[in-house]
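Lifted from Swiss-Prot, the feature list:
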type     : residues                               : note
ACT_SITE : 287                                    : active site, proton donor
BINDING  : 172, 238                               : Mn(2+) binding site
BINDING  : 175, 176, 177, 189, 190, 191, 194, 195 : prenylated FMN binding site
């Protein structure tokens, strides 16, 4: 099923029993976080707080609190269908020459569809039904969550940040958290390798004395939101990818105060500029690691204009010790990553990012091993192939007889197929998430690879053990006897 805007999605979720309206007054200060956290841990519904204490704007939380709802948002009926999206992205990332005329003819509709998904620009849009400027710009009127007791200030969490570099035609979409500093200022926390930060750096190099235009959309349609967190090829815009997910072109409208184009159906849009040299200390905030992060300096975004729907909904989330909403997103997007990795490394059977590993800090890979040193090649490939894995600290590689998603299997492989000295790969001075306070230097640390595969000649001089397996005939015989044994 496809959704034209956030409200269309909410209606569909409500019809499925996947949305709960909360009419009891609830505070966005701490209380919503606790309610959403308990609900997510029970795989509960999305929550629409209709009476947030102190505000007249409803708050939407836990929207992507189950992998199934992420799949719904991407236009799929089941999480397993997300692998098809991964196969599409793998093909678009590295298209293969057609094997013949028939193959070229078969692929033609796909590429025609991609080319037809350029965004559609409207003259008028729901996101600009109300326009607030000057002294009317006041973030204090938005029910921005204050998530944890030690947080520095309320935090905008689901802001879809729209930027464009000075040398680029297409825009970048990214989700970056934003600490509220005052009536019209937030801190734009984007890590240095993210698209928004790269666009801003290029702008500062080319126009060091000019303010940088930025727009932030809150409450976009699910395909556009999820397109911003999916590994889209650099040649494909997130807006075009969202159109592919939705099955229709993404509708945009020109921002009131800049040339940026924003989602026409968004609930709220913040428009403004980052002024040269204006920085501020961000944090501390409770983060997806389960800890409060260190204070660090980031650019300040000055909001000059708020446009919104007349009856806008504020979309929010929280981050904390897994599972949280980013961890759930990671579980679902894991299925998208698998075909992309397999396109580059066909020997990969499965790839798993355990949610307990904060979505990306640990990966388990199963392979069809073909030669000595193969596991090490795969480790290095995972770290370097997609920028989503540049912060992955631990990569475990094992054989395809192991279930990557079953810790009992993985731990057995590690403890029986590894020699700690021979089979551990350590790499120093690599990029690390600055939120990782375990690293010796902010943003720079080490990585560990664990080779838990069977060892081939050249990797060991010893006879390798043979795994114990029962005789299949005996297993079948016991299957027949089992109902008679009274053991169930």
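Just so you know, the numbers here start at 1 and follow the chain as drawn.
Quick reminder: no glycine exception, Cβ is built from N, Cα and C everywhere.
On the structure: features taken from Swiss-Prot.
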residue : record                      : Cβ contacts under 8 Å, 6 or more apart
172     : Mn(2+) binding site         : 162, 163, 164, 165, 195, 196, 198, 199, 238
175     : prenylated FMN binding site : 158, 159, 160, 161, 225, 228, 229
176     : prenylated FMN binding site : 159, 161, 188, 189, 190, 194, 196
177     : prenylated FMN binding site : 155, 156, 157, 159, 189, 285
191     : prenylated FMN binding site : 197, 433, 434
287     : active site, proton donor   : 293, 319, 320, 435
(message) For a quick check of understanding: among the binding-site residues 189, 194, which residue's Cβ has the most other Cβ atoms within 10 Å?
(response) 189
(message) Please give me the CB contact count at 10 A for residue 195 (prenylated FMN binding site), counting all chains in the structure.
(response) 21
(request) Can you tell me how spread out the prenylated FMN site is, meaning the largest CA to CA distance among 175, 176, 177, 189, 190, 191, 194, 195, in Å? (result) 14
(message) With every protein chain in view, what's the tally of Cβ atoms within 10 Å of the Cβ of residue 238 (Mn(2+) binding site), excluding that atom itself?
(response) 26
(message) Just to be sure I understand the packing, how many Cβ atoms besides its own are within 10 Å of the Cβ of residue 190 (prenylated FMN binding site)?
(response) 21
